[in-house]
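What TrEMBL records for this protein:
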type	residues	note
COILED	118-145	coiled coil
DOMAIN	140-198	domain 'DUF3772'
SIGNAL	1-29	signal peptide
TRANSMEM	216-236	transmembrane segment
TRANSMEM	257-279	transmembrane segment
TRANSMEM	291-311	transmembrane segment
TRANSMEM	359-387	transmembrane segment
TRANSMEM	407-433	transmembrane segment
TRANSMEM	439-459	transmembrane segment
Amino acid sequence: MRRVSLARYCPGLMVFMALMLAIASPAWSAPATPLSNLAVAEADVLDENASIEQLSERLDQIRQGVTSDANDDLLSQLRLGAMQVQRQADALTALRTTDVEKVDDKLKVIGPVQPDEAATLTQQRKALEAEKKALVAQQDQASKLTQSARDLSTQIVNLRRSQFNSQITSRAASPLTPAFWQSIIRPTQDDVARLRDLRGETADAIGSAFSAENRWLFITSLVAAILVWTLVRRVLERLLAGAMVSWLPEGRLRRSALALGVSLATLGTIAGSVSLLRWGLESSAELGADIASLANHVLALVVFSAFITGLGRAMLMLQRPSWRLPPIHDEVASALGWFPKVLALALMVMMTMERINSVIGASLALTVAVNGLTALVVAFTFAGALLRYRRTLRKHDLERPTGLAGLIPFVMVIWLTLILLALLAGYLTLAYFLTAKLLWVSLVITCAYLLTTFFGDLCETLLSPRQPGGLA
């Protein structure tokens, strides 16, 4: 009987979960953010040739959005907006400085006032002096605007740091208490009302996408996205494997190049399918501001989750064990085959809930609870992988890895213990912070290992005595 693999259905399951969450899940993880503040953060991009008045108006809008009620995501966007104003004001200051120098050169050509000079020279000098005065005034305004934008950016950084320090040291209900689950299962009436509005807007968008005039365009883009996601990815991976055998010499370079190629192929095809789906959605559906923002975030999360899945597939290489890059036993690789897919799916679910909450502006109490739930889910996923790893080693009497590779399970046990202790003590935001760092460090180490191994194998192959470069 042919074995059914979860990997075949994981991408489609991610999309299905994302759509279900966007339509019907509760809001999960960010502090309340007024809709006016969201509108400020998602304002149109400034034109590169924006005037001082436009830059000043945008800075005032950003300043209005900087409040203690704004969440970290919003403050981050506002800081980027302030930095953009600062950058364009700097450029405008430099431009006005150049203009003033040009006017000064013209005044030098005319020279000082002469008793018997022509009236045209006098008029020209007065016009240039008036122009210089206006340019100097604009230069001063741009300089003050630059300083104001810089001060506002610093203020936002300090506010984010203050919020982080206050949240990470605050205690809440532990996951062992009913109060923790009560805030998640039964959100406030305001949260329910906001979610109901978002669900209605989502239903309207889906209805417009499946209307008579837009139905086939959306279905075509959806089918094309699925084909790119599944068929094109498999064909591309087979072509990559054949190319490695045909073009690359025997050795470790084949394995590292294939691992890198599988990761990039997975990421590229997922990004392509997501772009097709986004194009079909934007072309066929009437999206409101909240739904458009949520759709962009969800599709970006799909790409991120696919990136995690691609890295896991490249490292474990279950279909071609002889091409596996890290020294992992076949039994261990098979036992851990579920981990990248489950981790990616869990992150997809939790981070989609965060995006929903950021759009509707959920309560602060719900934020802390979902931070703890996210940390709990990710910690249990990593703990399950560690237990399967140790159990497989004992069951098959396999040799434990040595060196730095042997320290990784020990470090993960310590890290997961800290996360669980923080959860049990009620420091949910601290546990969430440690969880985010665990994910970040894991991704960085995996990518660094893949890239350094590939470049090391590439240099070893190029400098091999069997290659022309090694004989030089």
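Even glycines carry a Cβ here, placed using N, Cα and C.
By the Cβ criterion (under 8 Å, sequence separation of 6 or more), the transmembrane segment (439-459) is in contact with the transmembrane segment (291-311), since 3+ such pairs are found. Within the model, the domain 'DUF3772' (140-198) shows a mean pLDDT value of 82, rounded to a whole number. Across the domain 'DUF3772' (140-198), the DSSP tally of helix, strand and coil residues reads 47 helix, 0 strand, 12 coil.
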